[in-house]
Amino acid sequence: MDSNENKKNGGDSLELNIINNNNDNNNNNDNNNNSTEEHIESVEQSIKEFNNVANELETEFRDYLVETHKNDVNNIKNDIEAPPSGEFEPGGGAEDEDFKLRNYFKQSKVDAIQNGGKLKKMGVSFKNLTVIGKGADQSVVSDLATPFTFLISKLNVKNWFKKSKPSTFDILHDVSGFCKDGEMLLVLGRPGSGCSSLLRTISNQTGSYVDVLGSVTYGGIDQKKWDKYKAECIYVPEEDTHYPTLTVRETLEFALKCKTPSNRLPNEKKRTFRSKIFNLLLGMFGMVHQAETMVGNEFVRGLSGGERKRITIAESMVSASSINCYDCSTRGLDAASALDYAKSIRIMSDTLHKTTIASFYQASDSIYNLFDRVLILEKGRCVYFGPVGLAKQYFIDMGFECEPRKSTPDFLTGVTNPQERKVRPGFTVPESSAEFEEAWKQSEIYAQSCQEQREYEKLIEIEQPSIDFIQEITEQKSKSTSKSSPYTTGFFVQVIALTIRNFQIIWGDKFSLISRYSSVLVQAPIYGSVFFAMSNSIDGAFTRGGAIFSSILFNALLSEQELSITFTGRRILQKHKTYAMYRPAALHFAQIITEIPIIMIQVFLFSIVTYFMFGLDSSGSKFFINCFTLIGFTLATNNLYRLAGNLTPSVYIGQNIMNVLFLTMMTFTSYIIPYHQMPVWFGWYHYCNPFSFAFRALMGNEFNGLKFDCIEDAIPKGEFYQNETFTPYRSCATTAAEPGQLYFTGERYLEKSFGWEIKPSTQGFIAYNICIVYGFWILFIICNCIVLNIIDWTSGGFTCKVYLKGKAPKMNDVENEKQQNLLVQQATNNMKESLSMPGGLFTWQHMYYSVPIGGNTMKLLLDDIQGWIKPGQMTALMGSSGAGKTTLLDVLAKRKTTGQVQGTTLLNGKPLEIDFERITGYVEQMDVLNPALTVRETLRFSAKLRGEPTISLEEKFKYVEQVLEMMEMKHLGDALIGDLETGVGISVEERKRTTIGVELVAKPHILFLDEPTSGLDAQSSYNIIKFIRKLADAGMPLVCTIHQPSSVLFEHFDRILLLAKGGKTVYFGDIGEKSKTLTSYFQRHGVRECSDSENPAEYILEACGAGRHGKSVVDWPQAWKESPEYQSICQELKELQVTGSSYASIHVDNGKPREYATSLTYQTIEVYKRLNLIWWRSPGYSYGTFIQSALVGLINGWTFYNLQDSANDMNQRIFFIFNVTMLGILLMFLVLPQFITQQDYFKRDYASKFYHWLPFALSIIVVELPFVLVSGTIFFFCSFWTAGLNSDASTNFFFWLIFMLFLFYCVGFGQAIGAVCINITVALNLLPVLIIFLFLFCGVLVIPDQIPHFWKWVYHLNPCTHFLEAMVTNVLKHVNVVCTTDDLIKFVKPSSFSTCSDYAFEFLNGSNHSVSGSVQSLGGDNCGYCLYKNGEEYYSKLGWSYDNRWRGFGIIAGYFVLNIFLVVLFVFLTRKGKR
């Protein structure tokens, strides 16, 4: 029996596992007596490591068992009657590190068995697994030309008869293996080897692949039947996706609420269970003190990267799955924390029979020895699978040599890399992955593995663990959950948990909520004052419609932000779906519950102000009906925007769709076009529109029972007609009144003006429309639930590379593989020739950094840090996660923009100059890369703008190619960087390499690197460290934070700055040959001796107490202050500050520092070219704008089809142009996300002094203009002539010209809003506040004469006013009005007057007033009054003049220039992101 089998069997009996532990280990050694001496030492080291873990964690439990079971330790009853369980209480009298994890898990197992629980012993077996992916040539970068090339290819007759078979390649090729329950399988391989794909395939996430061949079984259950148990085999990706505004407690407690099982211990309440597990997780990962800290992300301050990784792992553990697939889960963790994490998994696997499959980059020997088996992949092919103790010797026997102090995992992955491996003399080794695979399949270990797999599968057939597994799964589910459901808790419980979480998210981002309500409170008085105290006259009837219509628009515009919010949580939803935490529909119901009180408050805040300021009916019932209707309408609109987000892959497409819907719904509300005047082909849309039913309900509610008086405005009008004898012969100036009546009712106004059927009951009409509004809400809820369950726009962690057309490399080609290896070797060898790095001396002394944590309290993050870097030196910055390494780098690199920094930093003995950020490179931990560019384009952009101007462009590009080759990215040069959320682009580790490349190609003089090897495999890390070592040798000083350095990597560094938690120095000084100087310092303070085979980096972290279980009796910061090394450092630092000027100056141009390497003109050209390329490669954004303009143009044109010369058509012309105005206003919402996204990338570039802020501000305005020009022209051609606005060429040209200028203005206005706001949510709250002044005060919703005097200045300053005046007068100038019968105001003449004209003579020609229009005879005594003779009379009543057209054009042009100034100003003010 081998060591792995013993390890597994040890988990079957609690007592035997503990009492016989040493016997098992002895057996392990006996079983390997036939191995080589080196192999024996390896196994012994593995056993020693494991025993250390076991002894450390189970001492208390062993003692207790010996005393309790001394009579019969092998009696199973004693196993059941183990000591009572106790909950771990972190911080409760003992430190977190004292918690005995194995004790807890074993006791939990005993308790579960005692209460009838079953162990979920589910191993996994996979045979002949081949995963087929889409060939690289099948995915090309999309741009604006893509639709045309596609259309041309389809029109080519030759292509009709070709059967093009899409190219594919094997991501995995014929891979077999297994992992028994209670075992741990380590998957190793270089990037692109298929490690992640293997883990995804095992966890049944195969939707991204073309095909999957072979079989995967889980404890005897095949993959097809496993879907309903998907939560029992989870895939944990390497990236961390969490809601940044939630705290650690809120994040984990939510997961626990969704995964709380029903079969808990007797009398154990859910709250107790969750508290116990929560405390356990905090103790396991040493996060007790961070429980109330926000998780954060790259934009929200919170946990450190390593701490965030721990939360990701803890969240996955909450799922309590049987099989766990961890993909590079130690990324961002320091070596001690990574080892603690691996130990925890080992203990869980042993005690709870968890099956663990993990892929680690840069795993140490300590971690490696905790695993049972290892599977090594190279280019998708298995080159080894078997016990971890035999892997190293297998490759040594093959002919490879392992360097001293090189970890086994590094050696195993390095043998496949010609640049890293070393071949023993006299041996011939495989060259390609296919040759490695062939050698493996011919080995004896392969035959043994196949035999063992067959035996394991037979054992599964006999034992049938799936029976106990299914029974346990069933018992874990709540009573409200069906047996076939993969979810643990019921739908109702999920909704409650999600609702609480949603409120916590909102509370965590209080600023957005406050800005939302502030927006309401600012806008409500403005709306109220515009329609203040409306009278019960004809004008009051019309303005009531405008007031109610504006109330609808206000709440609809606030719903715009729901679209962007929908996209922020997609990846988190996808992750939780794979964990089976909750149904997507539950998330939507929780969002509904959450938004109801928020929207109720929003509507009441708005209505309580506007309703009574409007002067609407003061009846209490009518007020509450008004609020109730608006609440239902806003809920429906919110869900409509959310539906658009769930149905579309990007925010730009969703925004375009909603802009089209918004304009059409607004148009067919009945306010702009009355229902009875809508064209037949669009009449149906009135009934598919929540806007229209809300408007009908609100209008019916207000006008019910109202009576409008029109004595003063009756027709004919004048003193002559004031005699009571003429009263029967006058009529109200509206079609709603009967001839001879000087009043009209609200119900009749609605019937005549809008064509609505109010009878038989107005109350029934109101109730019917309110029900329809809420019906829309319910309909959208159902649609969202269906869409969320069916459509998934995320990639599930899978990335698909896309290349420039014709640039895709060959996949898994042996010759191509060999050629790539040769290029890397040549680039590495030749790199030294091109390196010449004049560096400088950089010193820092007494550095303190503190941040405010509430009130006047400051938290100290860096405490008296000092040191230096000299030319030619590599300094490692190390410490446990959260010790302040990144913070220190930010401070030294002058990246901090918040908090207080104290201390002295000098360059060559002088204060830092303005060019410091430019001449220093800073590789940040977060990879902020523009997704629309390729890797080569990104690196070239950095080289062009940051390289010295004296270096030719050809030399810069040549250096870029060398960096690409050295970093093994030559084949990725033309690959799109892409976006992880959509799964299109390069992988996480490839992004890291690109981020490093961006800094390296600039040839910085000082280099700061924050975790440059985090998430990279050993070979990539080795290449990068070796490369920056060459940089140091060439004269560059650099500081590099590093979490998990191997012994080989650590030896490349000259000095180390070691930090303890709290930002205090533990050690700063030389490392020494073989780290002797460093280790001797710690040994002098009582730490054990570091062996020659031990990793010094792990040794010093262990010594200073890093990690969860780390302990140290020495106060290392204090010991450092009292050490002679510290005194020597202080003295040398003083000398360096004095003699620093003797170091070579790093400035050029006669020593004058330059903030930027290139001129402002050159920067502007390059930035514009890059932005233009981004826009060109954003067809979703650009074509979305074009399609939006075409659809809106067509709908607008056919809605106002072939307008005639009637008086009503004069109104329709006005509203046609008003819709044109609204198109421009909605365009502002479209440009916001794109601008804010690009501004985030600009801030990263600006921090490194790529370019000045002015080129970005100007370029991002100019780059939009051609696309806006095309969009506006499309709209013009689709709507102008269709609507019947055709006139002479000059009129048409002026219409197009001022329309283009207005769109330019709108884009600039939207960008100015984006520039001043910190995020998209705030921008979407602010924008409605500002656009209210545009559409509300333009003279359409409220005619100029009725605008309150206080707001007249807004009307005159409003650019929309001048735009509408110019457009309307331009269109109506030469139109003669011919009234139809329906247009006429009908009245009866007295019989004493012979004609209608005689009766109306005083009215039309009176000396005291001038009246436009004309009177017609309708036969007999019936007369009709036409309001206007021509278009000029129509717009002159608004105070507009045709002569003001070009003045309006100039005013809009002036506003456009003002917007440019504002964009430039706000970009300048916000150019530095908060750090």
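Just so it is clear, glycine is given a Cβ too, placed from its N, Cα and C backbone atoms.
Lifted from Swiss-Prot, the feature list:
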- 1-10: compositional bias 'Basic and acidic residues' (COMPBIAS)
- 17-34: compositional bias 'Low complexity' (COMPBIAS)
- 25-67: coiled coil (COILED)
- 596-616: transmembrane segment (TRANSMEM)
- 623-641: transmembrane segment (TRANSMEM)
- 653-673: transmembrane segment (TRANSMEM)
- 680-699: transmembrane segment (TRANSMEM)
- 770-790: transmembrane segment (TRANSMEM)
- 842-1087: domain 'ABC transporter 2' (DOMAIN)
- Gly879, Ser880, Ser881, Gly882, Ala883, Gly884, Lys885, Thr886: ATP binding site (BINDING)
- 1180-1200: transmembrane segment (TRANSMEM)
- 1180-1404: domain 'ABC transmembrane type-2 2' (DOMAIN)
- 1216-1236: transmembrane segment (TRANSMEM)
- 1256-1276: transmembrane segment (TRANSMEM)
- 1293-1313: transmembrane segment (TRANSMEM)
- 1323-1343: transmembrane segment (TRANSMEM)
- 1449-1469: transmembrane segment (TRANSMEM)
Tell me whether Thr886 (ATP binding site) sits in a helix, a strand or coil according to DSSP.
-> helix
Given the transmembrane segment (1216-1236), which of the listed stretches 770-790, 1256-1276, 1293-1313, 1323-1343, 1449-1469 has the most Cβ pairs that are under 8 Å apart from it?
-> 1293-1313
Between the transmembrane segment (1180-1200) and the transmembrane segment (653-673), are there three or more C-beta pairs closer than 8 Å, counting only pairs 6 or more apart along the chain?
-> yes
Would you kindly list the residues that approach the transmembrane segment (653-673) from elsewhere in its chain, counting only those six or more residues past its ends and only Cβ-Cβ distances under 8 Å?
-> 545-546, 549, 552-553, 556, 560, 563, 566-567, 640-641, 644-645, 647, 682, 685-686, 689-692, 695-696, 754-756, 1180, 1184-1185, 1187-1188, 1191-1192, 1195-1196, 1199-1200, 1212, 1215, 1218-1219, 1222-1223, 1226-1227, 1229-1230, 1233
What same-chain residues, at least 6 away in sequence, bring their CB to under 8 Å of the CB of Ala883 (ATP binding site)?
-> Leu1059, Ala1060, Lys1061, Gly1062, Gly1063
Are the transmembrane segment (1449-1469) and the transmembrane segment (1256-1276) near each other by the rule of at least 3 C-beta pairs under 8 angstroms (pairs 6 or more apart)?
-> yes
Under a criterion of three or more Cβ pairs within a distance under 8 Å and sequence separation of at least 6, are the transmembrane segment (1293-1313) and the transmembrane segment (1449-1469) in contact?
-> yes
Which three-state DSSP class does Ser880 (ATP binding site) fall into?
-> coil
Under 8 Å by Cβ from Thr886 (ATP binding site), counting only residues of that chain that are 6 or more apart = Ser304, Gly305, Gln925, Asp1010, Glu1011, Thr1041
All-chain count of other Cβ atoms within 10 Å of Lys885 (ATP binding site) | 29
Taking the center of the Cβ atoms of Gly879, Ser880, Ser881, Gly882, Ala883, Gly884, Lys885, Thr886 at the recorded ATP site, which other residues in this chain have a Cβ no more than 8 Å from that point?
-> Ser304, Gly306, Asp334, Thr887, Leu1059, Lys1061
Quick one: average pLDDT across the coiled coil (25-67), no decimals.
-> 41
Counting across all protein chains, other CB atoms within 10 angstroms of the CB of Ser881 (ATP binding site) number 26
Neighbour tally for Gly884 (ATP binding site), based on other Cβ positions within 10 Å of its Cβ | 24
How many neighbouring Cβ atoms, not counting its own, are there within 10 Å of the Cβ of Ser880 (ATP binding site)?
-> 26
Gly882 (ATP binding site) has its Cβ surrounded, within 10 angstroms, by a count of other Cβ atoms equal to 26
